[in-house]
């Protein structure tokens, strides 16, 4: 039997995609719309306080295309806290006009494929920064879920640890070409959601998403073993721009 990779696990992650019922939103009187926006911004202010205390992080992006209109990406130490945040959002007036489109539950993950040394990894500052990240405030985001293939000779889980480590090392070399251009956060979701991993990319240049994903398709680990779900791409929505976005 092949050896399972050990993982380092950090904050839990929720990608909460919603569509907006603009027709119903437009029917609200101006003062009710403004009250709903103010209530929502008060909730976001609580998220920002949590982030400033480094007890979690969040990002809000408007989604391009018809799959969704807005994304709330939330990181917290526990699954319970994610549920509390989701529930608090759903209780707001604004949520009456935010219809569920897609969601993804996972946990920030680092594998031992690239591990070395005997030091406790949870005590290494760089590892902690990656397990408990403050999300980048870049202009653009790209999210997609993925699996490793399990078909015939292309069964990832039948490869030896050494084979998997070498394939992932080569894959990582491709990713490092985009250092400074793209920030990547990998979240594990085996047993938590429908795919095995979620990949979230951040950049100030959306074209880099296309370049990175395309180049990685030629890595053997992706060409032979990668299976992908839907891709979501969006633009950052800063708190100060929320009133403008929801203005009618």
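Cβ atoms here come from the backbone N, Cα and C positions, even for glycine.
These features come from Swiss-Prot:
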ACT_SITE  144  active site
BINDING   130, 144, 145, 146, 147, 148, 171, 184, 222  Fe-coproporphyrin III binding site
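Note on residue 222 (Fe-coproporphyrin III binding site): other Cβ atoms within 10 Å of its Cβ, all shown chains, come to 19. In sequence order, 195, 196, 197, 226, 227, 228 are the residues near residue 147 (Fe-coproporphyrin III binding site), counting only same-chain partners six or more apart with C-beta under 8 A. The residue listed as 'active site' has 222 as its nearest neighbour among the binding-site residues 130, 171, 222, going by CA to CA distance. Reduced to three states, the DSSP call for residue 145 (Fe-coproporphyrin III binding site) is strand.
The number of other CB atoms found within 10 A of the CB of residue 144 (active site), across every protein chain shown, is 19.
The DSSP secondary structure for residue 222 (Fe-coproporphyrin III binding site) is helix. Annotation for residue 145 (Fe-coproporphyrin III binding site): spatial neighbours 104, 189, 193, 194, 195, 196, 197, 198, 199, 228, 229, 230, criterion Cβ-Cβ under 8 Å with sequence separation of six or more.
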